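The following features are taken from Swiss-Prot:
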- D8, D9, S41, N93: divalent metal cation binding site (BINDING)
Amino acid sequence: MKILISNDDGYQAPGIVALHDALKTLEGVTVQVVAPEHNNSAKSNALTLHSPLYVHQAASGFRYVNGTPADCVHIALTGLLGYRPDLVVSGINNGANMGDDTIYSGTVGAAMEGYLFGVPAIAFSQVDKGWGELEAAAAKAREIVAQLRAQNLVDPQAPWLLNVNIPNMPLTALRPIALCRLGRRHAAERVIVQQSPRGEAMYWIGGAGPAKDDAQGTDFYATAHGHVSITPLKVDLTDHDSLADWAQTAMRLAPGACI
């Protein structure tokens, strides 16, 4: 099995090193890393379209790109690797990607880029920042990949996208995997305004809001109770529940305009 690994924290981040070292020990597995040169957190699915991308190789063998997480996976799958991987894995991220985070996350964006190309993909994140219990998280990621492989679920003919969040706990303390839906966060914190040395106003995006929907069955609830959360994701953002209602509204606004 051939695995492509990327992330959004950069090719030198402890999370991607730990993930690579764990996955390469799986029997019959080859692992390649193509990751951003620098931290690209919150870049979502952004692609670089108006400037060239350059690929370099570090002494570790990791290849790094002056672009976004999605750039890395995109160019890897469209020519850089020279073959099609069986699995795309992103992470391990320094901090949670739960609920609304998945919209902004470069970690999820890298995995989603693989999924868009028809390759099964997983985004791995640790719940808390700081890399605490990172070896345990990498071991759990390895275990999940091994189990999916053993059950013949790593099938390029039937791609899927999974979002996995791992509490920062010893491996033996982690509770069983919980399959759950995404929760929701409150609105982000207020923008931070500072003054530059030249007297100009500088603006920093505020931190993510606390959990709003953390009810039982959500990723927030699962990880808060020591479980590893797994949420299947999809690309279709259509609100199917309200589609019929909006169709009726559109007919009233512009009769005959709906197809």
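Any Cβ shown, glycine's included, is placed from N, Cα and C.
Annotated features taken from Swiss-Prot, shown on the structure.
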residue	record	Cβ neighbours (10 Å)
D8	divalent metal cation binding site	33
D9	divalent metal cation binding site	24
S41	divalent metal cation binding site	18
N93	divalent metal cation binding site	31
Completion exercise
The correct three-state DSSP answer for N93 (divalent metal cation binding site) is strand
